[in-house]
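Participant: Okay, these came from TrEMBL:
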type	residues	note
DOMAIN	4-43	domain 'EGF-like'
DISULFID	C14-C31	disulfide bond
DISULFID	C33-C42	disulfide bond
Amino acid sequence: SQLMGGECGREGACSVNRKCYNGKLIETYWCRCKKGFGGAFCE
C-alpha cells in the first residue's frame with residue numbers, strides 16, 4: 001500500500017470504494033480497497 005501525506009478526515013482522502021486508515025507517522029494515511037475494487041493507491 002502507498003502511504004500518503006495528509007489525514008483521513010480531509011475530503012477525497014480515499015475514494016468511495018476505499019477505507020482510510022491513519023498511518024504510523026503523523027499526518028499520513030493509506031487506503032484499503034473494498035472487495036472487487038483495486039488501484040495503485042490501495043491494497
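Using N, Cα and C of the backbone, Cβ positions are placed for all residues, glycine too.
Remember, TrEMBL labels are computer predictions, not curated facts.
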Participant: Which site among C31, C33 has the most other CB atoms no more than 10 Å from its CB, taking these as disulfide-bonded residues?
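Facilitator: In terms of Cβ crowding, the pick is C31.
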Participant: Translate the DSSP assignment of C14 (disulfide bond) into the three-state scheme.
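Facilitator: It is coil.
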Participant: What mean pLDDT does the predicted model reach across the domain 'EGF-like' (4-43)?
Facilitator: 83
Participant: Express the distance between the Cα positions of C14 (disulfide bond) and C33 (disulfide bond) as a whole number of Å.
Facilitator: 9
Participant: Across all the protein chains here, work out how many other Cβ atoms are within 10 Å of the Cβ of C14 (disulfide bond).
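Facilitator: Excluding its own Cβ, C14 (disulfide bond) sees 20 Cβ atoms within 10 Å.
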Participant: Please list, for the domain 'EGF-like' (4-43), how many residues fall into helix, strand and coil according to DSSP.
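Facilitator: The domain 'EGF-like' (4-43) comes out at 0 helix, 14 strand, 26 coil.
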